[in-house]
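If you check Swiss-Prot, you get these features:
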TRANSMEM  9-29  transmembrane segment
TRANSMEM  164-184  transmembrane segment
DOMAIN    186-238  domain 'HAMP'
DOMAIN    246-456  domain 'Histidine kinase'
MOD_RES   H249  phosphohistidine
Amino acid sequence: MFKTLYARIAIYSITVILFSALISFVLTNVYYHYNLKASNDAKIMKTLKEARQYEQSAKPTHIQQYFKHLGQMNYQIMTVDQKGHKTFYGEPFREDTLSQNAINNVLNNKDYHGIKDKPFALFVTGFFDNVTDNTVGINFKTKDGSIAVFMRPDIGETFSEFRTFLAVLLMLLLFISISLVIASTYSIIRPVKKLKLATERLIDGDFETPIKQTRKDEIGTLQYHFNKMRESLGQVDQMRQHFVQNVSHEIKTPLTHIHHLLSELQQTSDNTLRQQYINDIYTITTQLSGLTTELLLLSELDNHQHLLFDDKIQVDQLIKDIIRHEQFAADEKSLIILADLESINFLGNQRLLHQALSNLLINAIKYTDVGGAIDIALQHSHNNIIFTISNDGSPISPQAEARLFERFYKVSKHDNSNGLGLAITKSIIELHHGTIQFTQSNEYVTTFTITLPNNSL
């Protein structure tokens, strides 16, 4: 029954309607018992006493005819003479529940207030309880002696048309309410079902089909965010496919080259060629090892929850260590490295930050023309730490500039790098809550600028 949200909401709503009707009935019954019952008793008692006063003044020949006439005026009457004979006028009572003690009291000229003294019943409204003890009674003097007269209004006759009207009203109210609940529930569930189908399409790998945003409420917000999620998942899936393709290409090409070199190595007896092939194989395997290391680092950065960023880093000293480590490569190209470094402390992950800054210096050395210069600066700026590294070299096209930080992207197809260095650097800087930007001047001076929060304060 509750396997669908549609059934659950519909049944809950119908249950609320029925429960509300039941509670309303009980509260109305309580209100009648404590607020209306006494006044109703007094009103009927007044009517009965006026009837007795009229009977005594008019002295009708046949008092039975008088009571019969009252019965025809929508009253239910029971008379009891001194011998205990009971006579009923008007519509019959549902049940004769009046005690003999109450009858005797009325015969002894004591008024009976059965309506006011009716005990409270939770699911029975005293106003409609058609029994003889739910009456008022007084003593009538007749020529044959005293009789006890008990009377109550005939609710069934008085409100017969109204009861029919009320019954039709309640039936229509319930029918229309339940119909509207079912219809409104369907209108709520329909977009949820569409979301379910769209989710199933996502599971099957369909990231292209959007769902229409049909509402402006919470469901509409859910539809909007679902489409955003679909787009993000589509981008992630494309990145995954490109990543797999790029990794496959980066591994397949050197492996093919190694296979070719090994074949040549087996077929040649020239020691010079054999040594050259071995050196080439060593170079390629070194590149593969570097690719593996960078892929593992990328995976670590993508799943960074375990990484700690609580190392106290002397940034200027870290940069000096990197320059010293890469000085040999710079000297081979007769490059000058100029460093203007302020003494700055930073709280982060020293291993990762070393990798990020090393990547930038290695790139600068690689792409700077022979005999050129590399400028490095580190300084405070308000609440930030600014690191810049500039070098002169070949210009970079706007198309290439827009993709510099993409994984596996290479400015030149002849570049022997893996195309992961700048992507790794960007991820590391962002994990330190920083930013990295690339700019290029008209003189073909390229500059990378890293901005980090000054968290050492």
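Placement of Cβ uses the backbone N, Cα and C atoms for every residue, glycine included.
Model confidence over the domain 'HAMP' (186-238) is summarised by a mean pLDDT of 81. Residue counts for the domain 'HAMP' (186-238) under DSSP (helix as H, G, I; strand as E, B; rest coil) come to 39 helix, 0 strand, 14 coil. Around H249 (phosphohistidine), no same-chain residue six or more apart in sequence has its CB under 8 Å from its CB.
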